[in-house]
Amino acid sequence: MKLLGLLLLVFTFMALAFADEKDCIARGQKCVGENKPCCKGTTCMYYANRCVGV
C-alpha cells in the first residue's frame, strides 16, 4: 500500500512539472505578441522580445 501511495505521489509531481512547461514560454524564446506568460523565474524583456531570467 505504501508503494502505491508513493507511486501516486511521484506521478502527481511529474504531471504538475510537465503541465507547467506547456502553459508558459521558455527562457530565450520570443514573448511579445504571444498569449502566454514567461515561465517561472523569467520575465519578458519587451525591447529584446525574449524571456530572460530574473
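Backbone N, Cα and C atoms are what each Cβ position is placed from, and that goes for glycine too.
Cross-referencing Cys39, Cys44 with Swiss-Prot gives Cys39 as the cysteine bonded to Cys24, criterion being a recorded disulfide. If you compare Cα positions, Cys24 (disulfide bond) sits closest to Cys38 out of the disulfide-bonded residues Cys31, Cys38, Cys44.
Listed in sequence order, Ile25, Cys38, Cys44, Met45, Tyr46, Asn49, Arg50, Cys51 are the same-chain residues six or more apart from Cys31 (disulfide bond) with CB atoms under 8 A from its CB. For Cys38 (disulfide bond), the count of additional Cβ atoms within 10 Å of its Cβ stands at 21 [all protein chains shown]. Summary for the disulfide-bonded residues Cys24, Cys39, Cys51: the Cβ-based neighbour count within 10 Å is maximal at Cys51.
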